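Report on the structure given below.
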Amino acid sequence: MATYSFRLAMAVTCALVLATGCQGLQVGYYSKTCPRVEYIVRDEVKKFVYKNAGIGAGLIRMIFHDCFVQGCDGSVLLDPTPANPQPEKLSPPNNPSLRGFEVIDAAKDAVEKACPGVVSCADIVAFAARDAAYFLSRFRVKIDMPAGRLDGRVSNASEALDFLPPPVFNITELVGSFAAKGLGVEDMVVLSGAHTVGRSHCSSFVPNRLAATAASDINAGFANFLRRQCPANPNPANDPTVNQDFVTPNAFDNQYYRNVLAHKVLFTSDAALLTTQATAKMVKDNANVPGLWEGKFKKAFVKMSQIEVKTGNQGEIRKNCRVVN
């Protein structure tokens, strides 16, 4: 009877994420093979995040950038090699802005000492992002993260450009980009809330939001504030960063949605959430109903973490997260 109940629960869970595929992932996947893995990863994440909240924001961003390209398979972790000189991590959406790789390395090293050859880098990325959200939300966002992903062997910089939605996307393009990965409109709005932490390079928004010719609805006072932080023409030699959420920059909270309503957000893709009646209502609800966004984020985050996962002979468990076996 207990086995039947477990299978029924798994069937219900899989039905909820049918568009992305359940692929046999389950909460507590390592309970027998590496029972302390989630505690080990959490300890490593805690060390880094408590020293620098920005690393936590980087880990949350990392899983988005991993899952949207080749699925949630740790492909974003792979370093360049002579055989593959242009992996995902060198693509413009990831380089030089993506951060937190040293946390994954530290967690992998600690996990390998406890149970060698058992835990995938892809699962460590998922656990680390989950834990970063937990610490930055002051323990309000507590996610049960299923595991069982395998590590991919393919990583291509051009695919990051193909699949990661850039900050200049309008609402139609955003919806299409998320739909291609099995995620709905509400998932897109909810996951956009991760912009409540982290920093952005000026080059990601200045041309589209602050230039004199830009058709932008940005708050005038906020625009002037940003102009004091950013050069008029950012370039690789002069491209500083600014907080994405200037009110509570290191708190994983719903302030982002208040910023959207106030027209005090950096990206065209952020402002785009107000351009349809349906998404604007979601923004208002997430801004005004206490606890609503946090609850929705947990579900959308788990759904995203199951995009196109590798199982069986599709992947491997890397010994080193930066190179294929």
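For all residues, glycine too, the Cβ spot is worked out from N, Cα and C.
Here is what TrEMBL records for this protein:
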{"type": "ACT_SITE", "residues": "H65", "note": "active site, proton acceptor"}
{"type": "BINDING", "residues": "D66, V69, G71, D73, S75, E88", "note": "Ca(2+) 1 binding site"}
{"type": "BINDING", "residues": "H195", "note": "heme b binding site"}
{"type": "BINDING", "residues": "T196, D245, T248, D253", "note": "Ca(2+) 2 binding site"}
{"type": "DOMAIN", "residues": "24-325", "note": "domain 'Plant heme peroxidase family profile'"}
{"type": "SIGNAL", "residues": "1-24", "note": "signal peptide"}
{"type": "SITE", "residues": "R61", "note": "site 'Transition state stabilizer'"}
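Positions of the features from TrEMBL, shown on the structure.
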{"residue": "R61", "record": "site 'Transition state stabilizer'", "CB count, 10 Å": "22"}
{"residue": "H65", "record": "active site, proton acceptor", "CB count, 10 Å": "22"}
{"residue": "D66", "record": "Ca(2+) 1 binding site", "CB count, 10 Å": "29"}
{"residue": "V69", "record": "Ca(2+) 1 binding site", "CB count, 10 Å": "30"}
{"residue": "G71", "record": "Ca(2+) 1 binding site", "CB count, 10 Å": "24"}
{"residue": "H195", "record": "heme b binding site", "CB count, 10 Å": "23"}
{"residue": "T196", "record": "Ca(2+) 2 binding site", "CB count, 10 Å": "27"}
{"residue": "D245", "record": "Ca(2+) 2 binding site", "CB count, 10 Å": "24"}
{"residue": "T248", "record": "Ca(2+) 2 binding site", "CB count, 10 Å": "16"}
{"residue": "D253", "record": "Ca(2+) 2 binding site", "CB count, 10 Å": "21"}
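Proximity to E88 (Ca(2+) 1 binding site), defined by a C-alpha to C-alpha distance within 10 angstroms, is shown by the following recorded positions from R61, H65, D253: H65. Put simply, of the binding-site residues D66, V69, D73, T248, the one whose Cα is nearest the Cα of H195 (heme b binding site) is T248. Over the domain 'Plant heme peroxidase family profile' (24-325), the average per-residue pLDDT in this prediction is 96. Using a 10 Å Cα-Cα cut-off from G71 (Ca(2+) 1 binding site), none of the recorded positions among R61, T196, D245, T248, D253 qualify. Note: the CA-CA distance between V69 (Ca(2+) 1 binding site) and T196 (Ca(2+) 2 binding site) rounds to 23 Å. Compute the center of the Cβ atoms of T196, D245, T248, D253, which mark the site for Ca(2+) 2; besides them, the chain residues with Cβ within 8 Å of that center are V197, V247, P249, N250, A251, F252, N254, Q255, Y256. Surrounding the centroid of the Cβ atoms of D66, V69, G71, D73, S75, E88, where the record places Ca(2+) 1, the chain contributes additional residues within 8 Å, namely H65, C67, F68, Q70, C72, G74, V76, G152, S155. Cβ neighbours within 10 Å of D73 (Ca(2+) 1 binding site), excluding its own Cβ and spanning all shown chains: 28. Within the same chain, residues at least six positions away from S75 (Ca(2+) 1 binding site) with a Cβ under 8 Å of its Cβ are D66, V69, P87, E88, D151, G152, V154, S155. Here D245 (Ca(2+) 2 binding site) is compared against the recorded positions R61, H65, D73, and the shortest C-alpha distance is to R61. All chains included, 27 other C-beta atoms sit within 10 angstroms of the C-beta of E88 (Ca(2+) 1 binding site).
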